[in-house]
Amino acid sequence: MIKKITNEMGDIVTKEIVLGNVKVRNVIVNLGNKFIQSIKEDCGGIVSLKLPAAKGDNTIVIKGQEDDVDNTIAQIQTMVDEFHTSVIDLKVKPEFHKYLNREKRANIKRIRDLTNTRIIFPIDTDSVNENITIVGKKENVHKAKLEFEAMITDISNVIGNCVEINEKYHKSIVAKFGEFSHKLEEECGGVKISFPKPGGGDKVVHKGSKANVAIAKQTLLDHSKVLENTIKVEVNVDSKYHRYFVARRGEIINRIIDDCNGVSITFPKLASSNDVVIIKGDKTNAEDAKRKIKEIVKDLENIIEVTMSVPPKHHRHFVARRAEVINQISAEYNGVNVSFPQVNSNSSEVLIKGHKDFVEKVKNKINNIVIDLEQRITVEVSIPQRMHRVLMRNRDLLEGLRRDLDVWIKFPEKPTEDQFNHKQEDVNVVEDTDEKCAPSVNDIVTISGKSENCERAKQILIDNIPKTIDLNVPSEYHRSLIGSKGVTIRKFSDDYNVQIKVPNQEQNSDIIKITGMQKDIDEVVAAIKEEMRLYDADKKDRQLRSYEIQMTIEPEFHPMIIGKKGDTVRNLHNKYGVQVNLPRRGEGINENIVTVVGYQQSAEAARDEIQEMVNKLKNVCKEMIYIDSRIHSRLIGSRGRNISQIMDKYHVDIRFSKSDSCNPDLVVIYAREDATQDDVLDCMDYLEMIQQDYMADLVENEARANLKPKTESQSVPNGNHNLQGGAGFFMGNGAPWEKAHPDTNSTRDFPSFAVIATSANTDGTDKTNLPSWGSGRH
């Protein structure tokens with residue numbers, strides 16, 4: 001029972017809850033502060049609880065914010081309901097409580113959510129009480145108990161151990177943010193290693209499983225022995241050299257440390273005047289590091305700086321192409337550093353820094369280069385503008401001239417469209433007027449360097465200008481030279497790095513043009529002549545392969561000669577090596593001509609096989625039937641699917657007449673090799689049956705279309721109304737009285753009259769031309 005006593009100031013209220021069960025009341029009173037703490041943690045609000053004190057008093061008083069009080073009452077009610085099920089006290093050593101209840105009660109929350117139970121620990125001030133109370137349903141309480149027992153077993157396996165390591169080594173072990181100790185903890189299965197505070201003694205505590213603790217202890221002892229053998233070595237290094245060691249993120253120091261098995265090297269701060277560098281490590285490695293530092297310092301003492309004067313007009317030669325000349329000098333003279341002033345500074349001072357044995361040599365080298373630059377001349381060579389791109393693409397050639405002859409080659413800027421006079425810029429086209437035209441300013445290429453080198457470079461450039469020649473190749477060879485889809489001529493162009501231009505048929509010319517280097521032109525001309533020789537050798541064979549036989553075969557047999565998807569023609573080609581050419585539809589007098597092309601013997605054999613095939617087709621059983629051409633497409637179906645099913649079912653071939661033939665309704669049915677005449681007749685019956693269904697649908701659809709009212713635009717031609725008869729009146733065409741009388745003798749319009757007409761025809765006239773309706777077998 002819940003009773004609200006009073007509403008005090010603000011939202012603070014006091015409520016009572018009466019416990020009806022004496023057993024529940026006694027359990028809660030015995031839990032005391034443990035119960036109050038558990039309720040407060042679950043509710044999260046600030047409330048005060050007063051438990052029953054006197055015997056017979058079953059009332060709990062709750063005071064606080066109204067929402068918190070209501071939440072607390074709900075928690076107590078839930079707990080009371082749980083007490084009616086199962087309550088156990090799990091005895092756990094008090095020193096284990098902190099391990100179970102650590103990490104913000106994560107373990108407790110996990111077990112509580114997993115088992116839907118309430119877990120109550122003793123208060124923190126009670127260090128003697130071993131009971132952990134679990135409340136909930138019996139099966140849930142048992143499940144929570146098993147979870148706790150498993151955790152307790154794991155905690156029982158954790159042991160703590162101490163190892164004594166001299167305090168002066170503690171700082172080395174935990175240096176660099178405890179890198180060594182953290183790595184050791186990970187390698188030893190999560191062992192927790194704790195070092196004492198400075199001045200706290202030599203004992204280092206580590207906790208974990210027994211096996212892992214033993215490994216960690218031994219590792220610490222081994223490391224301490226290494227530290228005991230560590231010595232401290234000092235070396236004096238002039239402070240002006242310190243920056244060299246620590247520059248580029250300590251590249252030099254890190255290299256020495258790696259070479260000397262991880263010794264510690266400490267330089268003083270850069271702003272300090274202290275020259276002492278401290279090296280720590282085992283004796284051998286520390287002495288080795290000291291020796292390396294002294295060697296570097298000795299080399300640094302031999303480094304000097306000198307300046308020299310270089311006219312600004314020559315600076316570009318040294319710094320061009322990403323300082324190619326400077327880099328070559330530096331690589332040749334032990335990495336001497338050469339610094340030129342910034343561009344447009346008008347300064348002639350050049351700084352040279354490096355080993356004293358090489359600085360003077362570098363200075364002499366630069367002076368010699370400057371003397372050569374002063375002696376350089378400029379030579380002009382006229383090369384047609386359209387050839388510049390070809391030469392500039394040949395980077396190997398230009399780089400070789402610059403490297404081997406030490407010359408500078410400069411091509412003029414690309415001319416504008418007006419300057420170029422709209423001439424074609426294709427490098428492979430050579431005009432006849434080139435030699436007659438005077439060289440333009442856009443044709444001049446300049447070469448700078450020594451006189452003899454310039455002349456050599458000039459001749460090399462001239463020799464590498466593409467040339468164009470005319471080669472007389474009779475037109476009968478042109479098709480072979482081009483090849484299928486241009487494959488042959490493209491292969492010539494790629495293999496010999498030339499371009500070949502073959503005249504088209506309209507030009508009626510035998511001259512082909514070849515553009516490229518003279519050496520490549522000579523090679524491709526020889527290859528073309530060899531191709532012509534092979535063509536001549538193959539010419540006789542081509543004539544033999546061109547033997548032609550013409551056969552007269554009715555068009556109705558052409559589809560059977562072609563076969564399904566061309567299988568029959570393809571088999572003839574593979575078997576005899578011949579080409580069977582059938583005429584296209586609508587070719588008039590040549591519609592019956594089938595041509596066989598190949599070797600004479602093969603063509604005759606293929607002709608005989610085709611003739612034999614036609615003879616068999618002529619003797620095969622066939623029947624003709626007339627089916628309205630308007631329903632042919634429906635019979636055939638999408639992609640011939642319907643008619644293919646019918647043909648496969650009755651083992652026949654069905655051929656429809658063309659839509660533009662004199663009798664488009666004619667359909668011919670041929671029996672296949674495995675079919676009989678009955679199969680053909682059965683197929684006829686089936687076609688006549690479905691024709692009746694299709695025609696009924698067609699007539700019905702046409703009738704519906706005639707009954708559908710016409711729109712205004714259909715009734716009035718061009719939409720013009722005749723307003724002479726009044727508003728809204730117009731004259732239309734196609735009225736019922738304007739139509740002709742139906743012809744009842746037409747079997748197309750009145751197919752049902754055909755039977756009557758047939759029975760009425762008793763004068764002995766021929767009935768074969770009349771269409772047959774219904775069953776064709778009697």
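Positions of Cβ are set from backbone N, Cα and C atoms, glycine also.
Those TrEMBL annotations? Automatic predictions, nothing curated.
Mean pLDDT, taken over the coiled coil (596-623), works out to 85 on the 0 to 100 scale. Among the features that TrEMBL reports, coiled coil is placed at 596-623.
Residues annotated as domain 'K Homology' in TrEMBL: 11-81 (among others).
According to TrEMBL, the domain 'K Homology' annotation covers 84-153 (among others).
The domain 'K Homology' feature in TrEMBL is assigned to 157-225 (among others).
The domain 'K Homology' annotation in TrEMBL covers 229-298 (among others).
The feature domain 'K Homology' is assigned by TrEMBL to 302-371 (among others). Per DSSP, the domain 'K Homology' (302-371) is made up of 37 helix, 17 strand, 16 coil.
Under the heading domain 'K Homology', TrEMBL lists 375-466 (among others).
Counted with DSSP, the domain 'K Homology' (467-533) comes out as 40 helix, 15 strand, 12 coil. Taken from TrEMBL, the feature domain 'K Homology' covers 467-533 (among others).
Here TrEMBL flags 545-615 (among others) as domain 'K Homology'.
The domain 'K Homology' feature in TrEMBL is assigned to 619-692 (among others).
The DSSP breakdown of the domain 'K Homology' (84-153), given as helix, strand and coil counts, is 37 helix, 15 strand, 18 coil. According to DSSP, the secondary structure content of the domain 'K Homology' (619-692) in residues is 38 helix, 16 strand, 20 coil. In the domain 'K Homology' (545-615), helix, strand and coil residues by DSSP number 43 helix, 15 strand, 13 coil.
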